[in-house]
Amino acid sequence: MGGFRSRAASNRDNSSGSQPARSGMSKGYQQRRSADKKMKAKSHGSGDRVRDVAFTALQAVTVEEAFGNIVLPQLLKEHKLSGRDAAFATELTYGTLRAAGLLDAVIEKASGRPVGKIDSIVLDILRLGTYQILRTRVDDHAAVHTSVELAKAHGAAPAKGFVNGVLRTITRSTPEQWLDRVAGGEGLADLALRHAHPEWIAEVFNDALSGAGETGVASQLEEALRADDERPRVHLAARPGQMSAEELALVTGGDEGRYSPYAVYVDHGAPGDLEPVRDGLATVQDEGSQLIALAVTRAPLEREDQGRWLDLCAGPGGKTGFMAAWAMGEQARVDAVELAPHRAELVRKSVRDLPVDVHVGDGRYPASIDTLDIPSGGFDRVLVDAPCTGLGALRRRPEARWRKSPEDVAPLVTLQKELLRAALAATAEGGVTVYSTCSPHPQETSAVVRAIAAETGAEILDTASLVPEVDGLEPGPFVQLWPHKHGTDAMFFAALRPARKDSAGRRADAETEVE
């Protein structure tokens with residue numbers, strides 16, 4: 001554990017009966033949902049459209065278990081917020097969701113009441129107010145006053161005095177003093193809470209950094225948590241062959257990316273409104289995802305490329321589109337497999353006018369997909385961007401860190417192994433399979449690759465050589481990106497070559513690996 005002492009056991013024994021920041025928030029949500037019936041007054045708006053939108057988005061996430069990055073853009077359009085108002089509403093919503101566990105710890109300390117016993121309407125108002133006090137430049141008086149107005153307008157008028165009292169208590173101490181009170185220790189749990197992460201996720205990051213041989217793991221971990229707690233810039237990908245990163249940066253006012261020759265960073269609150277994105281000349285895609293697609297197209301083959309490429313887990317289509325745009329110049333074609341019909345439709349929309357055939361089916365069983373024409377020798381290039389915990393993309397999915405659980409990992413690992421096994425079986429001899437996840441969890445990354453390589457005799461290739469632009473990678477055959485080092489999501493990818501077989505179909509070689 002890199003010198004950090006876990007405090008999970010002592011946290012579970014805490015007499016308050018609620019430790020949302022350290023062990024997740026599901027218990028509180030369940031209690032609050034049943035309490036919602038107590039406040040039935042119809043919302044009529046507080047007169048502050050920005051905070052009304054932010055509060056409504058928080059309630060959708062809290063009560064309806066919606067996704068913040070889906071519900072907020074809809075609300076911004078519905079309430080016709082744009083420019084600075086949209087940017088402020090976005091900051092309030094995503095910032096509050098991202099820091100929810102830390103905010104809850106402060107609210108508990110200031111109110112003397114477990115958050116699980118606070119009605120969800122009141123709690124979301126308190127979270128919004130506390131976020132403004134601790135993490136923005138909003139005047140304390142304005143944060144308190146607007147929160148009280150929200151309570152009056154959204155069915156919590158009887159609790160306006162409680163809201164006022166708790167928030168005024170919070171304003172009497174500095175953010176640093178509150179951090180010292182709720183997370184002032186030196187253990188891993190306190191470090192995690194200071195940077196708004198559950199302890200178990202900090203443990204995963206710590207293990208990933210330690211296992212990769214990172215030097216100064218303790219300081220690296222704090223840097224990783226800090227970067228993961230910051231609002232990321234939007235990453236765009238220019239469509240290869242149709243627009244350059246330089247042109248995209250000029251049109252959008254953004255900055256060219258550090259690594260991908262097609263990446264541009266922008267600060268636009270609604271990237272879908274940008275002209276190149278509307279016209280299909282660019283997409284919203286993290287630079288790490290672009291590097292994965294580039295690795296698929298760059299990997300050397302030990303055979304002539306027949307122009308048959310496969311994306312085995314294609315939805316929602318970002319990497320598929322990137323691969324297909326590249327495939328056009330190579331006279332290649334991409335088959336895209338997606339299990340969920342609605343996600344398959346997203347793939348179709350993202351690859352219009354590109355050489356892609358979209359198939360609805362289970363990537364674990366390609367042969368069972370009626371519409372998929374599998375070449376007799378196999379596909380030349382196969383990408384398996386496996387379903388995962390998503391721990392590497394938490395900064396872009398603000399509420400996700402408080403919803404996930406260590407119990408999510410095991411069933412995903414089983415699925416990941418099945419998909420990688422199927423991908424290798426569908427890859428031609430001399431072809432290449434790229435396995436990727438948006439998670440740094442060692443069980444989902446290197447452990448999956450090594451296990452399936454050992455089982456199938458696949459060769460693990462020097463993946464870092466496929467993205468020579470990227471600096472700061474650790475030695476070894478895999479690529480693990482980090483927000484604090486590369487500015488990308490914490491993406492992992494590895495390239496493999498399937499084992500050769502003799503005339504009888506038996507493996508002709510044993511596992512080999514680049515050291």
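Each residue, glycine too, has its Cβ placed from N, Cα and C.
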S-adenosyl-L-methionine binding in TrEMBL involves C313, A314, G315, P316, G317, G318, K319, E338, D385; of D362, D370, D408, the partner in that site is D362
Smallest number of other CB atoms within 10 Å: among the recorded positions G317, D362, C438, that is D362
Neighbouring CB atoms within 10 angstroms of the CB of K319 (S-adenosyl-L-methionine binding site), all protein chains considered, total 26
Long-range Cβ list for G315 (S-adenosyl-L-methionine binding site), cut-off under 8 Å, min separation 6+ in sequence, same chain only, gives E338, L339, A340, R343, A344, L346, V347
Cα-Cα, G317 (S-adenosyl-L-methionine binding site) versus C438 (active site, nucleophile), nearest Å, comes out at 15
Rounded Cα distance in angstrom between D362 (S-adenosyl-L-methionine binding site) and C438 (active site, nucleophile) is 20
Ordered by sequence, the long-range same-chain Cβ contacts of C313 (S-adenosyl-L-methionine binding site) under 8 Å (at least 6 apart) are V337, E338, L339, G363, L383, V384, D385, A386, P387, L419
Whole-number Å distance separating the Cα atoms of K319 (S-adenosyl-L-methionine binding site) and C438 (active site, nucleophile) is 13
